[in-house]
């Protein structure tokens, strides 16, 4: 309880974590706390997501990918608020049975993403959980004061935009959980690999943060599925959202699978793990928002519009060929 | 893997966590990220400590005490750097078998300490670990820019100060681990209860933060035992520390047990979980430091002095009656 809880912590820090602490305030992780100096006139935006082995990732996922996912689910939160990511503190709960080089490979994954997203490790804590691996990342971003873009501030008439493609990660997860789906889906090896990779490695739309900050009226990232998360935006603002099913951005792989089996539809709209941007944009800001997103190479698609609540429940209506369709089925949440 | 991971999270947030998010930037926890506006001209100081059930607390500890410990081990870090604690984000990994009202009682513990230490919940994440309870707190403090007091900056000649009393928590842990020690120790019920309470509930010396900021040349909190942590300060600065054993501040309970059994000595100096301040103070600042600590009601004791390294190893020397004594034995780390 006492003597083993710090076992090897100092060695781990010196060998693997200290090289990641490139910022000055981290003091080479030789202290109990980090100093962080925000730019004058800027707010911090803070995100915290935890991940547990067997719940948010598979125990046999490559450690590099686990590291990347732990950072990227938080990066996705931060940029959806319009902030530029800057650094993070890491809580690493090591499991009872860890492969010999797990921490080394995990740190290699952190290093690669620090480079890719221009962020630095600021500090953290390493413990032994005595059970499963549990990761806790607190990620920081900065933006001009009082500029944070909330998820609660959509208005009737706002246009709804979605980045990237929808549902790939959810389909990838289903393929991991039920390998027999690979054959049933009739998809090519490339399509199957693409979907599984989309689950393994989120691709947060970090380049789009400034377009969000400048032109989005409300924004969040989609992690619990489009139906659920757009539903949150609606309820927070007392609105409905009319989504045009035909406009939803699907990858080739998702489109081909959906053409072969309409039953996968709920996985696509409700499965989660998309880590794409979901933005409400005033009609007058539409062109500027699209231009700013295009400038950063971030693909966004207009998928619908917020409206005044016309019955008891605020919520999402998926419209297909003029008819409202339900979002229920295998693995799906219950929403209409 | 997918549908259960958010099970009840929104209900938990609304019922138990939202009332704790009293700061404006927390937005009632209705968003994926918190906004934090530091005072102009101030740095943030950031601490992260994780706790796992069965490692850092006992599974049957009162949930209120677990909450308090999760906050207080971080508060101890922050004030040892000279910063005023302001707020925190919480990662709560719920275990597989949770008592019905565990979360409610845990949140009551958070609420009590938020009041006590004038801090606010800013945001967080709740997951199911599928195994044990794992907590991750990232705590923030603020202080005038570039003022952080590091653990690495002691100099030869600096006086060494220790707050509160030493070793109580370590002895309390031993009593929890080996209940038969209660009788062997010959201590009264009051003494036994006092020591166990000191393990259950750290008492970080938060009032002392400004005295640290103004007059400490180096500082840290003691969590891994005086021998180990003072050793870290020594090695970071290439110094030795001469500690006078007779001057170490012991509680009545610890003193009585030590008088009955000298073998508990290593538990006292190496056991850990003290969460007391360990400060290096220049001799010219001694009186001002003592006065500032006294003003905040924080008891500190001068226990020794840093010196130039006179042999191969920087490190701690415990001097008793003019002789260097070893710090080894039951449950102790190996240091001299």
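Cβ coordinates are placed from backbone N, Cα and C, and glycine is handled just like the others.
Record note: TrEMBL gives A:32, A:221 as Mg(2+) 3-binding, and the candidate from A:77, A:168, A:273 in that site is A:77.
For the domain 'PurM-like N-terminal' (A:31-143), the DSSP-based tally of helix, strand and coil residues reads 34 helix, 46 strand, 33 coil.
For the pair residue A:77 (Mg(2+) 4 binding site) and residue A:221 (Mg(2+) 3 binding site), the C-alpha distance works out to 6 angstrom. Listed in sequence order, the binding-site residues from A:32, A:56, A:221, A:224 having a Cα within 10 Å of the Cα of residue A:125 (Mg(2+) 1 binding site) are A:32.
In sequence order, A:76, A:77, A:79, A:80, A:204, A:229, A:274, A:275, A:276, A:277, A:278 are the residues near residue A:221 (Mg(2+) 3 binding site), counting only same-chain partners six or more apart with C-beta under 8 A. Around the Cβ of residue A:151 (ATP binding site), the same chain contributes A:218, A:219, A:220, A:232, A:233, A:236, each under 8 angstroms and 6 or more positions distant in sequence. For residue A:223 (ATP binding site), the nearest neighbour among the binding-site residues A:32, A:47, A:49, A:56, A:273, judged by Cα separation, is A:273.
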